[in-house]
Structures are given as structure tokens and as C-alpha cells.
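For 1-203, the entry in Swiss-Prot reads region 'Precorrin-2 dehydrogenase /sirohydrochlorin ferrochelatase'. Per Swiss-Prot, NAD(+) binding site is recorded for Asn22, Val23, Asp43, Asp44. Residues or ranges marked as phosphoserine in Swiss-Prot (evidence: sequence analysis): Ser128. Under the heading region 'Uroporphyrinogen-III C-methyltransferase', Swiss-Prot lists 215-462, citing sequence analysis as support. Annotated S-adenosyl-L-methionine binding site per Swiss-Prot: Pro224, Gly300, Gly301, Asp302, Ile305, Thr330, Ala331, Met383, Gly412, in sequence order.
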Amino acid sequence: MEYLPLFANLRQRTVLVVGGGNVAARKIQLLMRTGAHIKVVADDLCPELARIVNKKDINWIGKLFEPAMLDEVFLVIAATNNTKLNALVYKCAEKRHIFANIVDKQSYCSFIFPSIVDRSPIVVAISSSGKAPVLARILREKIETILPMFIGPMATLVGTWRNRIKQHIHNIAWRRRFWETILNGRFAHLISQGKWEHAEKEIESQLYHYQSPIGNVALVGAGPGDSGLLTLRGLQLMQQADIVLYDYLVSPEILDLVRRDADRIYVGKQAGKHSMPQAEINSLLVKLALQGKNVVRLKGGDPFIFGRGGEELQAVAAAGISFQVVPGITAASGATAYAGIPLTHREYAHSVIFITGHQCDDSSNYLNWSLLARSNQTLVIYMGVIQAAVIKKKLLAHGRALQTPVAVISRGTLKDQSVIIGTLEQLEMLTIQALSPTLLIIGEVVKISCEINWFGKIIKEQ
């Protein structure tokens, strides 16, 4: 983030604009909507600025800029075609720690103007950090078509009820949930129909019948990593959460989509490294929900595929707590799709089997290796890097060919995705450089990746 979006209260604050042309006029017209006390410094004014000055809406200083003019100024804008003057304004402002914007000279800007959608008091600001102003304008136009004109008056009406709601509902999280119910329900529908009195009565009715909320748990699959693969329902619940418990496999891009004010607890589950035992996670989910909170349990991939989501919900259900499940795209589906490897194919694989490397211990008889070694199927192994030698040994012993195609996919669907292709004979070598998380794909379908890979590069070992 190159620029932090801030909303400045300019009411009754002094803003100095250096320049009297059309560009300065456009900036001043925007500033006038904020209630700022505006001074313009210029030896001459364009017709529009002259009209504004004549109406006594702004103060005109008809002389050359002097550094002393920045005294008692909150921020300054320079919009002249004199590069030396613009530079002087910026340097003087910097020396006084005053925000400055030099039009069309980004290196001389301590703040920049965004594209604005004004539905006051709702204001949306869009910025490209000065890189693509036309793109920012196009985005603004799209948002203009989405936001109804009544959204501003609706926000004003809601504001008149805030103190009363605070007095009635003291818990911040419960109060937020009350407003979510109001704004997503009949109230908003009545506003859209222009029935303002009925809408206000709806708030009053909801408040009169208000009861303390009951907590719940949402088990949400975050998908394999790419934030674009998160489900819409998962995003909605993450935006409504009071608290989120998340794992190691949840990408930073996904976490950025969680509601800003939601508490976050890392319960990192990584092969051999559990920051919190499973029993404690189960207990924590129950404890938080019993406090009346909206709890989101966020897991990488799909929570019901090697995610122990079932165990967690058994504990929640046993406590009588309401819950729901939002499936996610499991790593086997997401990572192989991004690597151009179809899990099934009419010519090469009629079935697919998912297992984890934890089950592949050399001394374990848990797995049916004869079944896993069959041809015409795809074998996907989660967390299999540590057991690569055992996997190779077992599959070869039960009939899989040395030249069976193998893919090692690390950090699937992410920008730094790595796909290394070789054969079963090379499996241990292929996994040496693998970054976590890693999937092993074993089967003839791997050959197709060279034809339909579309994301990132594939390294083919000889």
C-alpha cells in the first residue's frame, strides 16, 4: 500500500490553493463541499474562480506566493504551470509538516486526491496511487451505478439512532450484529421504496423485541491459497465474524478479507508443528460460541478433507451450539487445475484417490498398497514429502512402474507455485526443493500438463 486512505475533517480549517486556473478551480469546487476555509493565491483568476470569489465563498490573495502564507494552514494545493513555484510551495509545506499536493507532480505530493463517489455521509474513495487515473475513474463509474442514491440519507437516518442503540445494547459485538440484521433486512427494503417512516418504525420494533444473540460456529474452507477461489458464502461469513480461528495453510491474501475488527487466533496446524492441540481448539470453539460470538473456523482447502473439521463440529454439536459448514476447494482440485493436470481422464485415469503422508509410515499396514498401485487411476498424496522414500518403495513393490509420471506441486494456485515433473523412480529427488505445502500427484494424467498447463512454469526433470 503506497498511500494510506484517510478522510480529513476540513470543516472550518484553512486550505491554501496556489494558482488561479481551471485546475485550481476544480480542486476548489471539491474543497467547498467540505466546509473548509479556502484561500486562493494568484495574480489572476479564471472566470469560474472569479465568479466564486465574487460570491465571497473563498478568499482571494492577489499577490505572489510567500512562505508566510502557510502559517495556520492545514493543507496546501499548488496548481500552477510554474514548476519553480510549485517546488517552492512543496518545500515550504514539508518544512512546516503541512500536507501538500502539487498537481501532476506526484513526487511533490504528501497526499493525493482519489476518485470520489459522494453519497454523503457515505463516501467512497478509489485510488491507483497515481499509476492509472483513468482506471480509477472507470472503477468510480462502476461503483456509481451500484450505490443507490438513497444510501446517503439512509446512513443519516441510522446515525440518529446510534446513541439510543448504544444505551440499549452495551456489548459492541452484539450491537454490530443488531445493525447487520437491520441493514440486511426489511429496513433497507422499506428505504428503497421511499417508506422512511415505516423504516424507522422497523428499527424501533427490532429494538423493542431485541434479545441477546446466541453464538454460532461456521466451519469455512479457505481453498488452496488463491483468494479468488474463496467461495462467496465463505467471504460473507468472514465479514460477519467476531473472531476467526485460522490455520497455517490459510494464505495472507485470504486473511486480508476477514473483517478488520474481528479478533484473530492462530491455531497453526502444520505437519509435526501444532501451536495448539486439537482438543484445545475444540474447547476454544465451544467456549467462544457460548459467549454469544460469531465464530469462524477458517481452514485451508476443504475442512472435511484431511482437515479434522468433523472432529471440531462433533465437539460443537455436543455442546448444543448452532453451526454451519462452507466447503472449500481442496488443494488436490485447485493445485492440479492450476498445474494443468486433470485428476481423471478418459484415456488415463478412471478414478482418483486422496491419502495423506501421515498414513504412509513404513511400519503401518493401514493402507491398501495394492489398491493404491493400480494403473488407470490418479493417486494424490497430501503432506507426503517426508515419506517420499516409503511411498516410492511401497508403490514399486506393489506393481507401479518406475516410469510412472509424478508431479510435485508446491504452494499451488499462488504466485510462487512450483510444479516439478518426473517419474516415480525420481520421487525422492523431486521433493528435495519442495516448499510447504506440497502435493504429490502420481499417475499417467501428469503427462497432460505439458499440453494444458496455463499458470506458472513447469520444471521437467530428465
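For all residues, glycine too, the Cβ spot is worked out from N, Cα and C.
Location within the structure of each feature annotated in Swiss-Prot.
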residue : record                               : DSSP (3 states)
Asn22   : NAD(+) binding site                  : helix
Asp43   : NAD(+) binding site                  : coil
Ser128  : phosphoserine                        : coil
Pro224  : S-adenosyl-L-methionine binding site : coil
Gly301  : S-adenosyl-L-methionine binding site : strand
Ala331  : S-adenosyl-L-methionine binding site : helix
Gly412  : S-adenosyl-L-methionine binding site : coil
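Less than 8 angstroms from the CB of Asp44 (NAD(+) binding site) sit Gly20, each of them six or more residues away in the same chain. The two recorded residues Gly412 (S-adenosyl-L-methionine binding site) and Ser128 (phosphoserine) have their Cα atoms spaced 29 Å from each other. Take the recorded positions Asn22, Ser128: by the count of other Cβ atoms within 10 Å of each Cβ, the lowest one is Asn22. Cα of Val23 (NAD(+) binding site) to Cα of Ser128 (phosphoserine): a distance of 20 Å. Same-chain residues with CB within 8 A of the center of the Asn22, Val23, Asp43, Asp44 CB atoms, the NAD(+) site residues themselves not counted, are Gly19, Gly20, Gly21, Ala24, Ala25, Ala42, Leu45, Cys46, Leu49, Ala79, Thr80.
Put simply, Asn22 is the one of the binding-site residues Asn22, Asp43, Pro224 whose Cα lies nearest to the Cα of the residue listed as 'phosphoserine'.
Long-range C-beta contacts of Ala331 (S-adenosyl-L-methionine binding site), restricted to its own chain and to partners at least six residues apart, with a cutoff below 8 Å, comprise Pro224, Gly300, Gly301, Tyr382, Gly412, Pro437, Leu439. Excluding Pro224, Gly300, Gly301, Asp302, Ile305, Thr330, Ala331, Met383, Gly412 themselves, the residues of that chain whose CB lies within 8 A of the CB mean position for the S-adenosyl-L-methionine site are, in sequence, Gly223, Leu249, Phe306, Gly307, Gly328, Ile329, Ala332, Ser333, Gly334, Ala335, Tyr382, Pro437, Leu439. Here the Cβ of Gly301 (S-adenosyl-L-methionine binding site) has 28 other Cβ atoms within 10 Å, regardless of which shown protein chain they belong to. Taking every pair among Pro224, Gly300, Gly301, Asp302, Ile305, Thr330, Ala331, Met383, Gly412, the residues recorded as binding S-adenosyl-L-methionine, the greatest CA to CA distance is 16 Å. The separation of Ile305 (S-adenosyl-L-methionine binding site) from Asn22 (NAD(+) binding site), Cα to Cα, is 62 Å. Taking each Cβ in turn and tallying the other Cβ atoms within 10 Å, the top scorer among the binding-site residues Pro224, Gly412 is Pro224.
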